[in-house]
Amino acid sequence: MSEYEAARAAGVRRTVIRSTAALIGMFAFAFALVPLYDVFCRITGLNGKVDTTAQAIIHEEVDQSRYITVQFITRGSAGLPWQMSVATRQMRVHPGQTAEVDFTFTNNSQQKSWGRAIPSVSPSSATNHLRKVSCFCFQEQLLQGDERLTIPLVFQLARDLPEEITTITLVYTLYPVHNMVLDASLNNNKIAGDKI
Amino acid sequence: MAPKLPPQHPLQHSTTAAADGQADHAHHASPKGIMRWLLTTNHKEIGSLYLIFSLIMFFIGGIFALVVRAELFQPGLQLIEPEFFNQMTTMHGLIMVFAAVMPAFTGLANWMIPLQIGAPDMALPRLNNFSFWLLPVAFTLLLSTLFMPGGGPNFGWTFYAPLSTTYAPPSTTFFILALHIAGVSSILGAINIVATILNMRAPGMRMMDMPLFVWTWLITAFLLIAVMPVLAGVITMMLMDINFGTSFFDAAGGGDPVLFQHLFWFFGHPEVYIMILPAFGIVSAIIPTFARKRLFGYASMVYATAAIALLSFLVWAHHMFVVGLPLAAELFFMYSTMLIAVPTGVKVFNWVTTLFRGSISFEPPMLFALAFVVLFTIGGFSGLMLAIAPADFQYHDTYFVVAHFHYVLVPGAIFAIMAGVYYWLPKWTGHYPHERLAQCHFWCSIVGVNLTFFPMHFAGLAGMPRRIPDYALQFADFNLVSSIGAFFFGISQLIFVLVIVLCVRGGRKAPAQAWEGAEDLEWSVPSPAPLHTFETPPVFHRSHHGD
Amino acid sequence: MRSLWQWLLPTCVIAGANQAQANGWNMPVGVTDISRDIYGLHMTIFWVCVAIGLLVFGVMFYSLFRYRHSKGAKAAEFHEHTSVEVLWTAIPVLILVGMAVPATATLKNMYDTSEADLDVMIIGQQWRWRYEYLGEDVAFNSNMSTPWEQIRGEAARGEHYLLEVDEPLVLPINRKIRFLMTSDDVIHSWWVPDLAVKQDTIPGFINENWVQINEPGIYRGQCAELCGVNHGFMPIVVHAVEEDEFEIWLAERKEAAEQEAMGVDREWELDELMARGEPVYRAICASCHQAEGQGAPPAFPALANNAQLIDDLDWHIDRIVNGVSGTAMPAFRSTLNPVEIAAVVTYTRNAWGGDTGDAVQPASIAEKIVQ
Amino acid sequence: MWSIIQSVLAALIGVQKDRKRQQDFASEKPLGFIVAAILVTLIFVLILILVANIAAG
């Protein structure tokens, strides 16, 4: 092998090592994008996803000069025999004010089951200004057969809510929580996993 | 992945082997028959394999398109069920993108890059063989999903979650596997190309002396290395969502379906440029040759290509203007997308200025290259219209978009590939392609392409969504014309096959420099190029590009 | 001669464009301020493209004609010219900035959903739309009403083939209506060209858009995002009416809903339930489970002669009331009323030779979905 | 340094004098150009984000 060829081979080896490193880096980056996206959404409120952890009430002066209409919408989804309802469809609050609204969950079946309410806020620019002090959406809920449960949502609108926002819509969609252990306990449900 | 050294060939100058062709090269006791092709590490043979594979896949993908067009020939469901229709549109897209256009460019790269930079072979010949043979495996697997219970993928080539996860047919796992294998093949091919270009250039050839095809492929290969792993990541997440109970894209488990689109288009938009940048390189070789004039603004072509590649990472969400992004994000992606028109425009202006005051002749490669410039520009114009976010609310997911990307990909990428094939066929086979037949192929293709895709602009503006198996009566005329055009275009591609077969078997003999104005290094080796070339590195003279 | 062409060509093109408008070749101008703005942007950028195209292709074809090798043209030597290059970079940038300004203004306007008079929730479902008038207790499903015989070519196609629904979305004109959009299964996209509204409906997430219609009329659109097998068969029809007409319609809808609710408490005959169930089945179920309940396995199981369904009434009702997660079978708990559910259950148990004789009472269904 | 930035900016709009280009490619070290290109791209993105945010109000 001539010196020229040896130099060339060394160059090829270097290029391959570098591009393989870049490759692995990009593959890792793709997965890193998932948490990055979440962080990004939390900072910008991009997709209307609200923080899933409780936030402390910040005592600030209530902005009496404006009212914000907050609408509540509850939605069910396939596979969960629950009914979710809200005590009031909409309320008017001042920015800075702490408000509370009751949500009621009813299990219409005889079996116990797990469910989780996934929140979404519109307009998404309001997301970061909605502080949830306590919410059923922070964790999964368990309802026994025919059980009815009322849980309050305590929230506060930040004073720095942008001026142009006059209405905030909060939508909760109830989803069943599928869990191997939970399913095993639901052995009465003889058709679990069946599809129609 | 240990780097592999090129196999040593006996020192033998290319010219001596020229006349005898391949028979003389029985050194190594090379395997014969099918084993020769299975085990070959020669860049020219692998290049041919890639090109033949992509041609076959072009016809398979084309047949799927014709099934779609046949169903859309008139309103109503006549031939196939909506379920099968969705599988056809999906398969057409996947096959054309991953199995026809991309391998065709890789095939051209395999054949031409070593010849254009004066290298004896690719840097990693055995890896090269491996990356090719992954492709038939991947696409046999993908096509086999059509025969599985529940059918093949039916969620479009963009496979948006949750349609492609929670609601997907059972064969989706095989679809993911096939895409993984195809992705590995692309990545290995790209690494090989980068290693070849950076290290195997003839002594004295600097980066800025490289032909534009080599430049555009270098940038394309970097794009591939950057984004194919992202695709691999996305489909891995899908696989986990489907089979392992994660919920990356499932709202029920706290995931986000829109995240899928962000990730997909973060891969997908650079992917679009992967399919067009090498085409820029081919056209930038052909136009100066047949205008007998140096390419105008070689440096700005290189820079514009690099700029387009960089910008392609910043514009992905223009595919998502209607998913409900915040206003600032919409504006950001609108502005960045509009800016990408600038370097693209620079390229078109450069080509036109190269023609200006040239000495132009109209051989088949030139015809296709000129058609590329005109029709790709039309595709670029509709792209510019789509970049205007408010207007995109009307264009999005309609046939206007279908028209746009087919103008960019068919008379864009595919015409450039055909131009390249006609341009380099004399080098590959030693014969000129049959001029009359090639012209016939060109005119049929031009008429067919425009007949097929131009009415789609109108159908889209008038309100026809994409991916529907049946349509309202006011779209009937547009679809009728499109379908006739599609069959005409499809059938006229048989002429292309005929030209290639005839050219391989015989025809007017071509000299080493087959075209009068051609200047790059590949024209210094005999036609047909012997199996082994540049075993002694050529001395590169800075006759063009540089000073 | 040349001056004639200079005059004739643009005239022809403009005349052609006007003609295109009339014949449905171009984007509709639409009936909202926003749709007009968008149409204006569309035409502006179109003419910009035409102008650039004429210039570039003009130079190109002139060169191709003038500098033919066969006519002995000799190639020039030049291969770069910095000032020309700077110029043709700068001019497009200026044009683009010129386009970006009005586009930004229109986009900001489109995003301003504040101060709406009426909120309508739009829900995409495989493969129908559901409309809920928030705070008005009016909600209904909107299914394609084109019969499958027409699609299969067994009957003559009507004027609004594939673009007609059983229940259109009725909206008042001159009022700002805010749309809240979401989906129950996959991503759909609600699009009416005349209103220039196209917005994805995403499961678990809420999107907003708004419209203020200037003219009464019937406006048609379609789902624009591939959403599965019947993606091509979920049209949208918007019926825009005068404001007082809308109030009357709303009152009638409420009354009809009350009437239906009263029906829950009384005892229903089998025949009555069958008669009520058939249209529900045709509108809601037949697109997947097929007209004769034969289904399309494996995605859509057969209902006719389905042993499990016939043996287990509770299971049957559970499937309809609560749906099956991860499939196209939604929960009809809140989208059909107890009468409709009881009727359709009765229908599927007795049609196609099932003949179980079960007459499922609305009251028993209502028990299962108590608030 | 200024020369490198100048070249990168020229590359961004795709225009460069041949003489300047020859000068750039006389230096065999691409690292400076790569770093400068990444920086310029980042600044470009930040400017675009800023403009978009100002335009969005």
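Cβ coordinates come from backbone N, Cα and C, glycine included.
Annotated features, as they stand in TrEMBL:
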{"type": "DOMAIN", "residues": "C:16-114", "note": "domain 'Cytochrome oxidase subunit II transmembrane region profile'"}
{"type": "DOMAIN", "residues": "C:115-252", "note": "domain 'Cytochrome oxidase subunit II copper A binding'"}
{"type": "DOMAIN", "residues": "C:272-352", "note": "domain 'Cytochrome c'"}
{"type": "SIGNAL", "residues": "C:1-22", "note": "signal peptide"}
{"type": "TRANSMEM", "residues": "C:44-65", "note": "transmembrane segment"}
{"type": "TRANSMEM", "residues": "C:86-105", "note": "transmembrane segment"}
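Note on the domain 'Cytochrome c' (C:272-352): mean pLDDT across this stretch is 83. For the transmembrane segment (C:86-105), same-chain residues at least 6 beyond its ends with a Cβ under 8 Å from one of its own Cβ atoms are 37, 40-41, 44-45, 48, 52. Sorting the domain 'Cytochrome oxidase subunit II transmembrane region profile' (C:16-114) by DSSP state (H, G, I as helix; E, B as strand; all else coil) yields 74 helix, 2 strand, 23 coil. For the domain 'Cytochrome c' (C:272-352), residue counts in helix, strand and coil come to 46 helix, 2 strand, 33 coil, using DSSP.
The helix, strand and coil residue counts that DSSP assigns across the domain 'Cytochrome oxidase subunit II copper A binding' (C:115-252) are 20 helix, 63 strand, 55 coil.
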